[in-house]
Structures are given as structure tokens and as C-alpha cells.
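**Q** Please find one structure pasted underneath; my questions will follow.
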């Protein structure tokens, strides 16, 4: 639906550069003056539709994520949740181990080596319990501490973007069932956002690219220079109809944009989280590629024994910023995908004709040589 | 003259040979082979880069345990007056710290001691079989697969710098390759499925044709082939197929890994939608029984299930897209008629 609504956006985008260019033509000034009112109206309308579609879809996505976050928070923080029982079991194991140590102590009171061996055995048993508990999701927090709002928001984001970090997962049965349904509805919605965002960003980027290009070219023209740029500009403005169709943003430009976005993210996360730069790049790339290994997650909770509560506030804003970073970044990836696809298709067409020409030429040469 | 003829025939022949070669590399078998070969290469690479990183981690945890034991001993010696309360308090603190250390070690990649050998503590056993390392060949295979399919379970993750850099490069090259595989295999599966479907419906076929003629009131002789092109598989069938595949996989994994059916279906769904949380990963339950071969088999089975399943889902999307487009076209035609 909204992808179809998005279509009227493009003509207006296309018109803008011509309009700015035609300012230089005195003959056209009159025409523009008369048509300005309707054009302004059209422009307003297209801007309105633009806001409706792109921002609308973005809003739906964000709303869906927030609703999901509250839903999962409610589901996973019930009284008998798995995280809490695991927490209790670890507590129990610790008390049991201490008991064991004490009874060992009373038994082997003054035989140190013997006691250390016994302690090691009981510690090993305890360690195994802890490893099992960690595999079941133990990280020293109750379910309410685990499922705070930003974490739940990241969880819902990781579902419908198909990243799937897996640092926070549903443990209850209902949580799992709801996750499946949440994904079934969320993923198409996200794909809609992805397509929409990709198209819009691509057209904006293209427009900016063209504008920048023409800005560079125009002064040369006025200066009377007959360089390469001005001639190409003239030839381009000659057939204005399919002007934009033929201009293809080079892949290097879109890749630079993506690269700089990853760089910004890298520096941001490296500064905040105290990661190394390689780790930070690794996180950004695996997230934006939707792999989401989940070994690095911003504010991945690591037990330090103390100062659990201190950094809670800062972490939550970080998680929200991370949410925005990812959502925007995925849109940017979609943009690059769109632009690259366009370019690759054009290149393929070119290659096809080239190869055909080469074969034709070679065959021609060969037959000529044979004739002689 | 024969030479000339030969020369003249040579170019088309080279051309066609070249074309065949290119077509083959991009054909179904070629792409399949390419993807599998790429994954195998990745498995070897990651295995090479990551295997030796496990041993220090085991040593570290062992050292931690011994330190904790020493600390406990010192506590015992200090509280020689045998105040039970005091001892429990101090011991609890020490063990709590030890718990934190273990949890941190696990988040750094420690994955439990392979095969407990009790009563060997004093020996400080250093010999760990290479087989028991987490980055076995099949583990590397599954890891490579999860990277290029963008599932990313994260139960195995690279710990070394070169492993991480390699993952980035490997993913950037591998993902387009896998997309190629998906579109290619999805296409051929869709065509095959459509063909089978149209054959199955052949008996109904003539009936549909006649009805159409009646409706229009005039005889339209449409060639059979064109009709066949227009056959679209109903969306409900595609959905049933996908749900059936996930449910069937759920039953299989439930049997194999001793999960509950809900857990197994959840695993299949999370994997095939490329979310890949990694909270449930094949091989864990079998690992508890410490049957090395069984783990390998379960990894191979999982890889096959994923590769096939993703192609199947691509096929279903292919067919559904076609159906939707056809529906829209029919709608448009009807609207046009109404006007």
C-alpha cells in the first residue's frame, strides 16, 4: 500500500534539479512565475505524502517495537519465571558448597593438602552447576532486572530485524510462542520499512548527488571554460526527460556513506563501551549485516560483584541510542542496496553489449584474415 | 577450405563453450557447489584460527579454582576459632566471587570442562585431546553457515583478532553468494513445484478451461503452454508447506535433541527466519552424553536442514509473489472491464 503511495514522491524529486537549473534561463522565468503557485501546492502535497509514508512506516515500526517490549516484559517477569528459579538454584548450590566445605574442614582439620583437594572437588561440582545455570540464562540478575525496558526494546528490535543477538531470550513457553507470532507479523512490517526507507533514502541521496554535481559544473560553464564537465552538462540537459534515469550514483559514493556510518558507529561504541576498535567494527558489521552473533552487545551485562546500580541510567540511554543507530543503519544499508543494484544492472547491460561487440569484432577480424 | 571452415566454426564453438562455462558456474549445481565449497573453506579457516585459543581458557579457569581453594584455606586458618557463622559468611563471599569469575569466563568463551576426570586434580592434566576442542570441523562448518546465512547463533564466536577480521571479510563476500544461491535454488524449486502442481491439477484443468469459455460467451483458443504459464500455486499451499516444514523439523529435532516439540519448533522457526538467538543449538543435549560422532551428525543434519529450508522458503516466497501479482492483475482487469 504505502510503497505505492510513495511513488508520487519521485517525480517531484526529479523536478527539483531542473527547476534550479532553469533559473539561469531568462526565457523560462515567466513560465515559472505563473506556474509557481501550483508547483508550490504540488510540492507541499508531495512533502505531505512523503512524511506520511516514510515517517508513518517508521512510526509504526517504533510503535510495534514499544508494544512488543511491554508485552515481553510482562510475559517474562511473571513470578515463577525460569530466570528466577535458576537464580535460586545457584544460590542453593552455593550454600550447599559452603556446607560441604565446612564439613570437610571438620573432618580433615589439620591436613591442608587433603583439604585443598576436597575443596577443589566440591568447587568443581559447583562450577559445573554454574556453567549449566549460565546455559539456562543465569547472569546473576532476577528476571525483572534483566527485562528492563531498553533491553526489551533491543530484544524486539532483534526479533523483527532478524538480527537475533540472543543475549536476552524468552525463557517461558508463552514467551516462545509469542515470539514466533511477533516475528511472523513483525518481519513483513520491517521489510516494508526496509524497502520504503531504501527507496526514499536512495532518491534523496541521488538528488543530492546530482545537485552537487551540477553545482560543480555550473561555475565552469559561466567562466566560459569548455572543459569536459560543461560539455557533459550540456549534453545532459539536452535530454532532460530521462536525465535522472541515466545518472547512476557510482557505487563508491554509496559505499563511502556506509563506510563512514560504520566508522562513526565504531568510534561511538568504542568510546562508550570501552571496546577495542576491532571489536567495535566487528559489532557494527555483524549487526548491520543482520548476523548478530551476540558476543558483543552494548551494555552486555557482566557481573562485577559491585556497582550494579550505578551505571543503570546511562546504559538505558545508550541502549535507546543503539536502537536508533541500528534502525537508521539498516535503512542506510537498504539505500546502498538499492543504488548498488541499479548500478550493477546498468553495468551488466553495458557488459553484455561490450562482450557482444568484442565477439563480433574478433570474428570479423578472423574471417578477414582468413580471406586474405 | 576445410581449415577455413574449421576456423569459422571455431569462434562460435569457443563462444558457446565460454557461455556454457559461465552458465554452469551460475547454474544450480555450480552455485550449490560454490556455496558448499565456500563454507568448507571457511570451516577450515576458522578452525585453524580459533582452535588453539581454547586451552588457555581452560587453564585459566583451573587456576581460578585453585586460587579460590587457597583462599578458602586461608579463611579456614584465619577463623581457627571455629566460628561457624563467620566461616559461612566468608566462604559465601569467596564462592560468590568465584561465581562471578566463572560467569565472566563463560562470556569470554569458556564452555565448561570437557569430560570431567575426577581425582586428577593434583596432576594438573595438560593433555587435552584436539577432538574435544569446540572448534571441530563441523563446528566451524556450522559457524561459517550461520555467518553467510546471517543466522548468527553466536554459540561459537571468534575470540582472536584475526578471527574477527576474517568473519567480517568472510561475511561480506559470503552473503551475496548465499543470496545468489537462494534466488537460484528458489527459482528452480519454484519451477519444479509449479510443474508438479500443474500436473496434479491436470484432471481439473479442462474443466476450468471450459468454464472460462462459457463465461466469456465466445470461444477463445488459448494455447496450452500459455495456460500453464498462468498457473499459480495458491498462497495457502505455500503457507502450509512452510508451516509443515517447520513443524516437521520441530518433530525431528525434538526426537534427536530431546527437546520438547515447542522448543524444537521454536528453534526451527528462529533459525529459518534467520533470527538465530542461539539459546537452543543442536548438539548440546548429545554433548552431555559425550558421543563425539553424534554431535558431528547432528551438526551435519542441522546444516542440511537449514540449507534446504532456506531454499524452500525462498521458493515459497517466489510462488507467493507470483500469486499476488497475478491476483492484482486479475483485479485490475476486472476493474477495467467494469469501467
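The backbone N, Cα and C atoms fix where each Cβ goes, glycine too.
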**Q** Among A:297-318, A:319-340, indicate the range for which TrEMBL gives the feature transmembrane segment.
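**A** Transmembrane segment, as annotated by TrEMBL, spans A:319-340.
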**Q** Labelled region 'Disordered' by TrEMBL, one stretch among A:1-26, A:27-52. Can you tell me which?
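**A** Residues A:1-26 are the ones TrEMBL records as region 'Disordered'.
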**Q** I'm validating the feature mapping. Which of A:253-270, A:271-288, A:343-360 is tagged transmembrane segment in TrEMBL?
**A** A:253-270
**Q** So what's near the transmembrane segment (A:319-340) in sequence-distant terms, Cβ-Cβ under 8 Å and 6+ beyond its ends?
**A** 58, 61-62, 65, 150-151, 153-154, 157, 161, 163, 193-195, 197-199, 201-202, 205-206, 248-249, 251, 253-255, 257-258, 261, 265, 268, 284, 287-288, 290, 298-299
